[in-house]
Each structure stands twice: as C-alpha cells, then as structure tokens.
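Q: Feature table excerpt (Swiss-Prot):
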ACT_SITE  ASP67  active site, proton acceptor
ACT_SITE  ASN136  active site, for ring-opening step
ACT_SITE  HIS138  active site, proton acceptor
ACT_SITE  GLU143  active site, for ring-opening step
Amino acid sequence: MRIIVVDNYEEMSKKAAAMMASQVILKPDSVLGLATGDTPIGMYREIINIYKNQKMDFSKVKTFNLDEYYGLNRGNPQSYYYYMMNNLFNYVNIDKNNINIPNGMADNIEVECKEYERKIDKAGGIDLQILGIGVNGHIGFNEPNISFESETHLVNLNEKTIESNSRFFSSKEEVPTKAISMGIKSIIHSKKIILLACGSAKSDAVSKAINGKITPNIPASILQLHRDVVVIIDKEAASKLNLK
C-alpha cells in the first residue's frame with residue numbers, strides 16, 4: 001500500500017486524475033471502476049480537462065460504477081447514473097454502450113446483481129478501481145460487518161450512511177434505505193485500486209482502515225491485503241494515521 005499525503009482537495013484530485021489518465025493512455029481499452037459522492041468530483045473535473053487537451057481517448061474504455069440507490073430511476077438527479085452523466089460521461093467520447101451502472105429500478109435484483117458480476121468478468125475484470133471511504137469505513141455501499149466474500153448485492157444502508165448522504169437530499173427521509181453495490185470480493189479483485197479521502201471527518205475511518213486490524217467491521221481494512229493500492233489523502237484525513 002502506497003500512501004500519498006497532499007495539502008488539499010485540489011491536489012488530491014489532480015494526482016488521482018493523472019493516475020487515471022496514465023492508465024487509459026497506456027491501455028486504451030481499460031476497464032475502470034468508478035465511484036460517486038463529493039470526493040471524486042474534482043478528479044472527474046480534472047479528467048475532463050485532460051480530455052479536452054486531447055491527451056485522453058475514452059472510445060474503447062469500459063466503466064463499472066460501484067453502486068446505485070435502489071428505487072431511484074436514472075432520471076432522478078440523486079441517482080448515480082445522473083451523477084456520472086453530468087460529472088463525466090457527457091463530456092468525454094465514451095461509448096454509451098460501455099457504461100455500466102447498476103439498475104436501481106430492476107424488477108429482479110438477484111438477476112441484476114448476477115448479471116453485473118457476469119459483465120465485469122466478461123470485460124476481463126477491473127483494471128483500475130476508484131474508491132472513496134465512508135465515515136464508518138465502508139467502500140462502495142458495503143456497510144460494516146459485510147462478508148469479505150460478498151459480490152454485487154442489495155444492501156440495507158445503515159443510519160450513519162443515511163445521515164451522511166442526507167446532505168444531497170431535501171431531507172433525511174428522502175434518502176433511499178437500500179442500494180445495489182459491488183461487493184468486497186468484486187472490489188478486491190481489481191488489478192489496481194486508488195482510495196481517496198479528504199477532510200477531518202474521514203480521519204478515523206482512514207486510520208482504522210490503514211493502521212487497524214483487518215475486520216469486516218471496517219470494510220476498507222481489507223485493502224491492506226491488496227497488492228496494488230494507492231491511498232491519496234489530504235493532511236486532515238491523514239491526521240490520525242501512523243505513517244512510521
């Protein structure tokens with residue numbers, strides 16, 4: 001695990017974008033695992049700038065998003081499909097057929113989850129997975145005490161996650177209580193992982209994930225066992241880390 005501590009959110013975003021750009025430039029048909037939320041927005045903004053300078057080509061890239069709220073249609077501004085279209089996909093030359101995001105309105109969730117795993121396998125697995133980390137140590141929507149053997153599945157969101165995500169909605173009551181998420185096993189099979197975190201609110205989770213014991217109670221702690229993880233965090237998120 002390589003840990004890069006930067007001064008601020010902007011620097012974190014630029015470093016992450018540079019790594020993603022390198023991945024796509026070196027392997028134009030890369031399979032990218034993508035995250036949503038506040039943390040990666042700056043990275044996507046930087047990626048768009050790199051693309052506009054004609055240094056990236058997304059025409060052969062395939063993407064798989066980590067998760068999607070259950071019960072939100074793709075036109076809902078709070079859906080992660082809407083987020084991805086408006087923060088990245090509408091601004092680059094990606095083939096829309098190569099975009100994969102769980103269907104939060106699927107009639108048969110079990111079939112949807114199995115099909116998502118099948119698509120990842122058919123694509124050859126994920127070359128580079130982008131992750132954020134929740135205040136409770138979750139990655140994707142894999143909440144504490146999730147099995148490390150889990151694949152794509154329907155998740156019951158816990159109170160901390162609902163509370164944290166309520167800032168994106170008009171009220172806490174509007175936050176979906178379930179989501180479809182790639183599982184820990186799905187994530188850990190990625191060839192390379194970049195974990196992003198910014199701000200003091202993430203410092204406990206970052207410290208436990210990196211310095212603590214490997215436990216399902218802190219889902220991100222499993223990343224200690226992965227052979228190629230880069231953690232890019234600002235000073236505040238790193239404030240409780242033991243870097244010796």
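Even glycines carry a Cβ here, placed using N, Cα and C.
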Q: Only counting partners 6 or more residues apart, tell me which same-chain residues put their Cβ under 8 Å from the Cβ of ASP67 (active site, proton acceptor).
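A: Those within reach of ASP67 (active site, proton acceptor), by Cβ under 8 Å and sequence separation of 6 or more, are THR36, TYR80, PRO102, GLY140, PHE141, VAL155, ALA179, ILE180, SER181, MET182.
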Q: Across all chains shown, how many C-beta atoms besides its own are within 10 angstroms of the C-beta of HIS138 (active site, proton acceptor)?
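A: Counting Cβ neighbours of HIS138 (active site, proton acceptor) within 10 Å gives 25.
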Q: What is the number of other Cβ atoms found within 10 Å of the Cβ of ASN136 (active site, for ring-opening step)?
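A: For ASN136 (active site, for ring-opening step), the 10 Å Cβ neighbour count is 19.
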Q: At the Cα level, what's the spacing in Å between GLU143 (active site, for ring-opening step) and ASN136 (active site, for ring-opening step), rounded?
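A: Cα-Cα, rounded: 8 Å.
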Q: According to DSSP, collapsed to three classes, what secondary structure does GLU143 (active site, for ring-opening step) have?
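A: It is coil.
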Q: May I ask you to report the DSSP-based helix, strand or coil state of ASP67 (active site, proton acceptor)?
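A: ASP67 (active site, proton acceptor) sits in a strand per DSSP.
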Q: Inside 10 Å of the Cβ of GLU143 (active site, for ring-opening step), count up the other Cβ atoms and send me the figure.
A: 22
